[in-house]
């Protein structure tokens with residue numbers, strides 16, 4: 001049995017333990033003093049607000065609970081992407097009275113709670129498209145006091161202002177002059193002409209060529225190219241998967257100047273015109289999958305061919321050959337049962353250079369250009385089943401190439417000249433009148449063509465780059481549009497290939513270039 005001394009020692013121990021436990025409980029239960037929220041030196045902060053002056057960047061070490069941020073006299077000019085993503089609860093953002101000139105496309109990403117945004121009195125000339133799209137509940141926006149350039153880059157803003165529920169104070173254009181001091185909210189969308197086009201290099205064919213002729217056969221798209229340097233008519237096939245022109249076949253042609261494909265009664269023929277060694281017609285045999293020679297073209301009649309034109313009149317197929325020799329004659333051939341036969345000698349001893357078939361108003365015509373006289377117009381006589389000379393285009397004493405187009409109800413001729421200006425003429429009912437002269441020293445090729453409602457003219461030269469013109473409907477003239485680096489083009493050919501709109505430029509001295517027509521939205 002323990003004595004009194006032992007019992008006193010045990011009691012003291014229990015008392016000490018109790019006192020220690022009480023002290024620990026008091027320490028645990030005591031409240032710690034609140035921590036001061038982080039705040040950059042340039043800012044004054046509370047738990048949910050920050051006011052920053054002369055900041056060199058958007059402050060990063062702010063309380064995450066901040067719902068209101070003000071930046072004044074900031075020492076930076078660009079608001080970068082995701083600049084406020086570390087403040088997801090932000091409701092009020094005041095960025096006015098700074099020197100901001102650029103805002104990143106995604107500057108306000110992550111601010112789904114933002115209600116008030118002030119960008120007033122900065123140096124903003126434009127705003128990224130759909131910059132306010134992430135701000136789902138934005139109720140007030142202030143853009144006053146900026147130098148907005150009301151061009152196509154602001155078109156989206158005009159559209160957004162017309163449909164948003166956000167309250168936006170009136171903002172005004174600083175430029176261009178025609179919109180200066182106009183209220184952005186009142187600008188008519190029709191005043192923004194923001195769709196433009198461009199021809200971009202799409203494919204390079206690593207060989208020279210002097211003619212290009214696209215054609216469809218058995219639902220496939222092909223291209224026939226005359227390559228005198230390679231002694232061939234080269235046939236390329238459009239690959240719809242790779243979206244490129246691929247090698248397909250070749251027809252021997254030591255001095256080819258033109259390879260003209262014709263599909264007659266579902267049969268494919270290629271007329272091969274050569275400067276030397278005679279000209280021929282080849283037939284594609286689907287059984288042997290090769291071209292075989294079908295017939296010769298009379299070398300006494302066609303001595304120095306320069307161009308071929310194929311067409312159909314009253315159900316019959318014809319092709320015409322422009323002869324550029326002193327002793328030959330431009331000649332017409334007609335398909336009959338199993339071959340093409342000589343039908344008419346049109347124009348002898350005049351060094352003809354180009355042909356253009358025109359079928360308008362039910363009156364088929366053939367225009368023959370020549371380096372020795374004015375172009376001659378022939379009209380088809382249905383009683384004689386021949387072309388009859390109708391007159392000359394006296395405004396142009398000589399022309400290397402002749403092409404035509406229609407704009408509205410009017411018919412036009414385009415005539416290129418090697419020496420002197422090329423001409424654009426309009427038919428006035430009884431005669432042609434000149435409407436435009438285009439500088440074209442050294443031009444042997446030109447081609448008007450239509451892409452998606454837009455009319456262009458490609459004009460080549462042996463001494464300078466190719467010029468692309470676009471038709472101005474209001475002025476009824478071509479205006480210079482684009483320059484293409486094509487050396488010594490001998491033809492231009494427009495070829496739609498699925499959703500790709502292509503312009504081919506066969507070159508006598510360099511590579512054959514394929515350009516793609518693209519539509520560009522400047523407001524994007």
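Using N, Cα and C of the backbone, Cβ positions are placed for all residues, glycine too.
Listed in TrEMBL:
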SIGNAL    1-30  signal peptide
DOMAIN    146-195  domain 'LRRCT'
REPEAT    198-240  repeat 'EAR'
REPEAT    244-286  repeat 'EAR'
REPEAT    290-337  repeat 'EAR'
REPEAT    339-382  repeat 'EAR'
REPEAT    386-429  repeat 'EAR'
REPEAT    431-473  repeat 'EAR'
REPEAT    477-519  repeat 'EAR'
Folded-back contacts onto the repeat 'EAR' (431-473), same chain, C-beta under 8 angstroms, at least six residues removed: 197, 199, 393, 395, 400-401, 403-405, 407, 412-414, 416-425, 479-486, 488-494, 501, 503, 505, 517, 519
Reported mean pLDDT - the repeat 'EAR' (477-519): 96
Tally of DSSP helical, extended and coil residues in the repeat 'EAR' (386-429): 0 helix, 27 strand, 17 coil
Top Cβ-contact partner of the repeat 'EAR' (477-519) among 198-240, 244-286, 290-337, 386-429 (pairs under 8 Å): 198-240
Remote residues contacting the repeat 'EAR' (198-240) - C-beta distance under 8 A, at least 6 residues beyond either end: 246-261, 263, 268, 270, 272-273, 275, 284, 286, 468, 482, 484, 490-491, 493, 495, 497-498, 500, 502-504, 506-518, 520
Three-state composition of the repeat 'EAR' (290-337), taking helix and strand from DSSP: 0 helix, 33 strand, 15 coil
Outside the repeat 'EAR' (386-429), six or more residues from its ends: residues with CB under 8 Å to it: 332, 343-344, 346, 353-356, 358, 360, 365-380, 435-448, 450, 455, 457, 459-460, 471, 473, 476-478
Long-range environment of the repeat 'EAR' (339-382) - Cβ separation under 8 angstroms, sequence gap at least 6: 269, 271, 281, 294-295, 298, 301, 306-309, 311, 313-314, 318-320, 322-333, 388-404, 406, 411, 413, 415, 418
